[in-house]
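Asker: Please see the structure below; I have some questions.
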Amino acid sequence: MKHNLLLKQYHLKATPQRIAIIQLMHHSGHISIDELYQEVKKRFSSISLATLYKNIHTMLDVSLIREVKIPGHKTKYEISKESHAHVLCTACNEIKDVPLEAASLLQKSIDVSQYKVEEVSVVISGLCPECQKK
Ligand SMILES: [Zn+2]
Ligand SMILES: [Zn+2]
């Protein structure tokens, strides 16, 4: 889907800056604010970090994007998609999506803990194929 249409689907104005943010997020898969800022600044030299944060929060509010919290790492952001787990390379910090059947895990967690569950976040860490060769 075109990135401007994606913004419109969430009833957000497709500003050039927002389109650039979505493009970068789409391209990298998972990106931190700092990484995003460095890239966005190349195209919009006058953009401030505060403006970037504001745009990120607007997109978070409507769930166009979501936070990826990985213990010991800076929060990354990704475009919302069906539930998935993350694999993290402990050597190069690459993050990849892997399919996750979240429904059964969620139900089991609720059955066992009686918690009112809000979110499922699964991170599997190890060495990526590239780093295994080293
Ligand atoms: Zn690696
Ligand atoms: Zn992801």
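The backbone N, Cα and C atoms fix where each Cβ goes, glycine too.
Annotation comment: TrEMBL describes Cys89, Cys92, Cys128, Cys131 as Zn(2+) binding site.
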Asker: Tell me which residues of the chain lie with their Cβ under 8 angstroms from that of Cys92 (Zn(2+) binding site), as long as they are six or more apart in sequence?
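Answerer: Once residues fewer than 6 apart are set aside, Cys92 (Zn(2+) binding site) is near Cys128, Glu130, Cys131.
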Asker: Using the centroid of the Cβ atoms of Cys89, Cys92, Cys128, Cys131 as reference, list every other same-chain residue with Cβ within 8 Å of it (recorded Zn(2+) site), in sequence order.
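Answerer: Here the nearby residues are Thr90, Ala91, Asn93, Glu94, Leu127, Pro129, Glu130, Gln132.
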Asker: So which one is it: of the binding-site residues Cys89, Cys128, Cys131, which has the fewest other Cβ atoms within 10 Å?
Answerer: Cys131
Asker: Three states by DSSP: which one describes Cys131 (Zn(2+) binding site)?
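Answerer: Reduced to three states, the DSSP call for Cys131 (Zn(2+) binding site) is helix.
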